[in-house]
Structure formats: structure tokens, C-alpha cells
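Feature annotations, courtesy of TrEMBL:
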type    : residues                       : note
BINDING : SER95, SER264                  : Mg(2+) binding site
BINDING : ASN371, LYS372, MET373, ASP374 : GTP binding site
Amino acid sequence: MLQLAGVQCAGNPHFWVNEDGSYQEEGQKNTRGYIWGKAGTKLVCAFLSLPVPSRYSTSCGFLSSNVVARTVPDYTDHGVVHKLLLVGYSGSGTSTIFKQAKILYKSTPFSEKERGNIKLTIQTNVYAYLGILLEGRERFEEESLGNLKKNQSLLYTTGTSPKHGNKTVYSIGTRLKAFSDWLLKTMVSGKLDAIFPAATREYTPLIEELWNDSAIKATYERRNEIEMLPSVASYFLERAIQILRTDYEPSDIDILYAEGVTSSNGLASVEFSFPQSAPVEAGDTDDLHDSLARYELITIHARGLGDNCKWLEMFEDVGLVIFCVSLSDYNQFSTDGNSCLTNKMILSRKLFETIVTHPTFEQMDFLLLLNKMDEFEEKIEHIPLTQCDWFSDFHPIISHNRPGSNNNINNNPSLSQLASHYIAVKFKRLYSSLTGQNLYVSLVKGLEPDSVDASLKYGKEILKWNEEKPNFSLSDDSMHSIEASSFSH
């Protein structure tokens, strides 16, 4: 009965089933779900004429004829909370998606205390970005001085006197140089958080003078050459003077862009319901069920999972795992556990393999979010996807006569569409080879609320499908094409 109700019974676990249909694993306190509203249970009840609680007797009487066509589980029964686990490699955008969910679905996404802490985090980040920019300035100045000395040597050989001495476009005055040296030493010592932003009022005039200096402006023009400077830094640096004021209050957009807002291990959760999209018409209860159903989005940083992701066992009661990948990582590098410089897309793939094969998530559905599609659309036009070894066989055929306004994945697709679909298929094939199951995929732009909303609602639909489908012996994957199915744009 439990298997037909869609309950995962791998490993022959022991369950307690109560009169109300709730069931829990022996020795565990958490209720795992309710069987009376599940399609498989209703089908067996109707077929074998088994008794069921009176509240379900009416629906069971008609189930044998239309269960496959339509079954609506009671998602709100007993206050069940459907849990979604959001994970991904560092920089994949899980934090942004989590914050976006809070803004989308909570009337008060952040308390006054949270906003105060976020303000301090943003201001501290700005000082860190300035420090990275100053490191870049020093490097550019050294390079320019080296070139200047070479030119001076040539001038001496010809008997011409140099005109510029030892100054370059990246040189700063004595006062700013002293502040720059002090800020960089503070960063190296790890005491930046202890000093800033508490000392903001004292150093604001220097920051303003620094930002308006021509050497810093010249350095900022070459910010793309400073590897350690995050892509979000520009958003804050261009408003640095405003942000570092004591009366600054972060907007929701500021919070979305901000790094380091979640806790140190990245573990956070938010409970919510999807808002009702329109007034419910007579006889149409779908949207009402959706607006009453409760969901909990849980996110944890990859660092917080422990060695070999041992802490994943804490999340055995989640209904769906959402794995986030940054599409723009295909040409980025980071150090792995052995301090080896590795392509970030490869690191994401390794984490993906570890999580999908973890015993805790056996037979569980996975939704892959291919994030940062907006960045990817720009980057792919200039940097080939083949910079990642895993994508070495990507050789698209692009039509040069594709219309600009009607591009889509089926009619003269763009390079970014072809590339993102290719990456989706790579992950789907990998997932199928590891689990024998079908992987759901959605493209998302984490900074766009509508895009995140659509992807999370896709996750909601996956949960509903899992609740509604009878657990027959036929494999769900036999009804799906790896290349085309379960793909949300």
C-alpha cells in the first residue's frame, strides 16, 4: 500500500501508519506524509473496494474511471509543509534565488534587524571591493612603470631626457597612498570587519577623494582584468559614496546583489505559500489548493555540507532537491579540495554527482536550475563554450539569417539558446547514467523576480506530479526523452 502511494521504501524501512493516513519512519518523530489523498491509494481503494475514511469516500467512488485524468491531493491536510532543498557550488546564485523567494512571497521579507545587519555587510563589502581595486591599481602602476623605464632607457640611448619621471596614470598622491597601504594591510590582517563600517564617518572624506581620483578611475576602467573583483562589485562601487553614508538604507535590489548576506555556513530557510494568481472560479480549486499549500525553501552553502556531504542526511524529509548551476562559470576557475585550480563548471558537476548519488536522495526528484542566463547570453558571444573541457564537443551550426524578434529554441535559435540547451542535455544524460531517472531543468535569471517565480512554481508542479502519479512498475523515464523533456525555459 505504501509503495503504491508513492512512498520511498528503498532499503526495507519500517513505517508506522496512523488512522488519519499519516505515516512516519519507525523511531522518527517527523511525519513523512499522508497516504489517503494520494492517487495510488485511491486507485487501490476503488479497485479492491477497500474502506477509507469518510471524507475520501466520495472521491474514491469515482476514482477508478478518472484517476489518471485528474486527481487533486489534499495538499493542505494537517498543515503539511512541502520542503525544497536549494544547493549549488559557490557562486552559483543560490543565495540570490533564496533572497528573491523571500521578497516574492513574504509581506515582510526582512526584519529591521536583518536589514541593519545587511547594511553593515554591504558597507563592509564596499570597503573590500575598494581594497581589491587598490591592489589592481598597484599592479597596473608597476606594469606602467616597467614600460616607462624601458622607454626611458631608449630615450637615454638617443640622448633625449625623459619628461614624466616616475609617475604614471595609475599613480596616486601621498595622502591617498598612505590610506591605500593601511586599507590593504587591514584586509590582509583580517580585521576589516572589526574596523568598518564602524569607522565610516571618519573615513568617508578619504573614500570620496579616492573614488574621484583619476588613477582610481583609470583602474576602474580596467576592472575586468582584476580577477578577484566580483561581477557584482560594479553595482556597489558606482554608488560607493552614497552606500557608505550613515543614513544609507539598502533597497531590495541592493540586498539581491549583496554577497555574504546568509549565515557563515549558508544554512537558512523560509516558509511561504504561492500567492493566488486570480479569483477562484466555481468548481476550479487548483489555484486555491496552491495558495493554501505551505512550502519551505531550505538553502545551505556547499561548505556547510561537510566532508563528502555527510550532513545531507539532515534533509531526508525534503520533497525536491533544487541544484543550481551558474552558466557563466564555464570559463571560470577555483581551487578544489586539494588546492588545485579547476574549472568551476567541473567543480559544479562533481558536487552534483556527489549529491544525486547520496543515499539520502535515492529515488528523489531533482530540478536543475541553469542560472545567470543573462550573463551567459553576453559571455557566449565572445568566449567559446569549449573553454570548459566537458563541453569540448560543442560545435553549433548558427544561421546567419535568423530574425531578431522571433528567436526561440525551435526557430533559428541563438547561440546562447543552443549552448544552454546543450548544457542541459549534458546534465540530463549524466543524471540518467547515475540514477536511471529523469532530470527536470529550468533556465533562470536570478536577479529577475518573474524568472525565479516561474522556476520555483515549476518545482511546485514537480511535487504535485509526484503526489498525483500512481506508483506503477513502469519507469517514468520510459515516457521521457532525455534531450527534450522536462525542460522549462
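Just so it is clear, glycine is given a Cβ too, placed from its N, Cα and C backbone atoms.
Annotations in TrEMBL come from automatic prediction, not curation.
What you are looking at is a predicted structure, and each value in this text was computed from that prediction instead of being measured.
Each of the binding-site residues ASN371, LYS372, MET373, ASP374 was ranked by the number of other C-beta atoms within 10 Å, and first place falls to ASN371.
Note: the CA-CA distance between LYS372 (GTP binding site) and SER95 (Mg(2+) binding site) rounds to 13 Å. Cα spacing between MET373 (GTP binding site) and SER95 (Mg(2+) binding site): 16 Å, rounded to the nearest whole number. Every protein chain considered, the tally of other Cβ atoms within 10 Å of the Cβ of SER95 (Mg(2+) binding site) stands at 24.
Distance from the CA of SER95 (Mg(2+) binding site) to the CA of ASN371 (GTP binding site) is 12 Å.
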